[in-house]
């Protein structure tokens, strides 16, 4: 969406808009491309990038588009690779936005945090839709390339693991798949040991005057989020009097939106796996679909869901 009065530049590759064309007078002959266009540039567009940055330069497209290296002769492996690479790019943005929102919450700058959280929810919706593309792969097609995957698995995604940790689903055992990469292990461990986004929101509740239990405000951050009665009591007050606590009310709903989108992503993951490989063991050694179904029961922000029953 463009800001009011700020039309996208003609032909901008990011806007998807086509350059506006002046209407031809009835007596004018149709334009025929020729030498004059080659000299002036097509509709005044810059065509020579020998001394300036191009679209491909800015986006490092050579590196991105040369990063697909299928190991099998099977045609469908390219789909499998690009599906996961693009998912990793979206997760990179989700982590970037979540960390920005976390910093904003720490300084009580909630409106910017709302914007970032809404963006994370939209990113998760994009990831949900991506499963529709991968699900065009049939069991026969996947079986042809699966032997070439070895033990590699999405279970080992260090960005996904950081996303889980940042949202409060902590598990120190999940550090082990990254032990062979000390640089990555350090990143994942730092996220495990730091307060989650929801932990910072609970601290926000305390700063706004709600009586949150001291043991909830300072705890072992490597442990997953557990239901706390004092936190639910705070959210109950927020939901009963939203006009008095509007920012906290909006924060609560942004978090519910986010977890709702995350649950949908998990569900589509399960159904896509069941559709393609059934109930075979995953390449990373997990039970596959049964493991993923168990993950559907994980609740990231328990008080925000339970308070709906209490209201």
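Placement of Cβ uses the backbone N, Cα and C atoms for every residue, glycine included.
Annotated in Swiss-Prot:
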| type | residues | note |
| --- | --- | --- |
| BINDING | 80, 81, 82, 83, 84, 142, 146, 283 | substrate binding site |
| BINDING | 269 | heme binding site |
| COMPBIAS | 17-33 | compositional bias 'Low complexity' |
| REGION | 1-36 | region 'Disordered' |
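Less than 8 angstroms from the CB of residue 80 (substrate binding site) sit 134, 137, 142, 145, each of them six or more residues away in the same chain. Reported as a whole number, the C-alpha separation between residue 84 (substrate binding site) and residue 269 (heme binding site) equals 12 Å. Counting every protein chain shown, 20 other Cβ atoms lie within 10 Å of the Cβ of residue 142 (substrate binding site). Across the fold, the C-alpha of residue 269 (heme binding site) and the C-alpha of residue 82 (substrate binding site) stand 16 Å from each other.
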